[in-house]
Amino acid sequence: MAAATTSRRGPGAMDDENLTFETSPGVEVISSFDQMGIREDLLRGIYAYGFEKPSAIQQRAVLPIISGRDVIAQAQSGTGKTSMISLSVCQIVDTAVREVQALILSPTRELAAQTERVMLAIGDYINIQVHACIGGKSIGEDIRKLEHGVHVVSGTPGRVCDMIKRRTLRTRAIKLLILDEADEMLGRGFKDQIYDVYRYLPPELQVCLISATLPHEILEMTSKFMTDPVRILVKRDELTLEGIKQFFVAVEKEEWKFDTLCDLYDTLTITQAVIFCNTKRKVDWLTERMRSNNFTVSAMHGDMPQKERDAIMGEFRSGATRVLITTDVWARGLDVQQVSLVINYDLPNNRELYIHRIGRSGRFGRKGVAINFVKKEDIRILRDIEQYYSTQIDEMPMNVADLI
């Protein structure tokens, strides 16, 4: 395993060769960026960004995408999905043509903005123009940018749909549609908006779905707008997040969760921690309660103005804040390297979300710890999660701080 023995581990060197892919016959595994047929100035950007070696999903998915095939790619959180999307799109786009040629839809503003950032960094030497079309930002800015001309739009379904209907986002040159975090996009209320967007796109369209989990009902939906897709799938049993130790703390009643969190606070601040609640109201309540007990925490959820969300994300990314309380808006693919502890103050409402949340705590094979607060009535959900991911969640040991 070359990645394991590399002395200088860039963000792109990963110990994930042991993932088992259930992949369409004939999909090549290409173990270096140089062998992918990528243009020279794009390769410069990839290496400048710090990548050394493609991850397992990049080794398999980039070539089919840049060859024009429809693709369903499944990769667990932290395996380099965003950079795989960015790399493929940068290769496909003709930067001499100042029109939108690729559209990437994401379920959250933060993920759409992150995709824009990574693409601009990787595509620095090809002068790619990318715009994040997301709610909470000025519509005037969207109109100005789109009329000036961009090659790629990375956005959320609502705002993208709005821009298309206003005829500000012209779709005639779009040749590639990518749905990132497709399980969330199609399975949780975004379905209608995606179909709305899809109706405006040219008939000769390449479609790619990328996600950490692909439940059966999602795969059924893909038949409606994909032609003979290449499948690149991780076996579900392999989706346990390697290197992440998972624990639970039994709490008799809801109020005890707060005391447990306070007891753990010193452990949290050893590194950086994310605490997940199921509702925005709970995030606000917990944040206020922690602060009134003199604990330093920051908070983020979907009701906050975009500017405030950006500022909070920036502080957390830079390490200025160490404990972030949030809802599942944060669980979808955001890349903060230092996070090695996740606490599920509330267990997630569905088992697919579990992997998105705890995937946050060990990106690219980094070790991590996930702690679940579990009431008596939650035991069933916890057992269901264990069974679904073929994993074991043990009671939290006293020396949990030593594991982080």
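Any Cβ shown, glycine's included, is placed from N, Cα and C.
Annotated by Swiss-Prot as region 'Disordered', the relevant range among 1-21, 253-273, 337-357 is 1-21. Per Swiss-Prot, the listed range annotated as motif 'DEAD box' is 180-183 (candidates: 140-143, 180-183, 236-239, 364-367).
Per Swiss-Prot, the stretch carrying the note motif 'Q motif' among 31-59, 60-88, 147-175 is 31-59. Under DSSP, the residues of the motif 'Q motif' (31-59) split into helix, strand and coil as follows: 17 helix, 0 strand, 12 coil.
On the 0 to 100 pLDDT scale, the domain 'Helicase ATP-binding' (62-232) averages 90 in the predicted structure.
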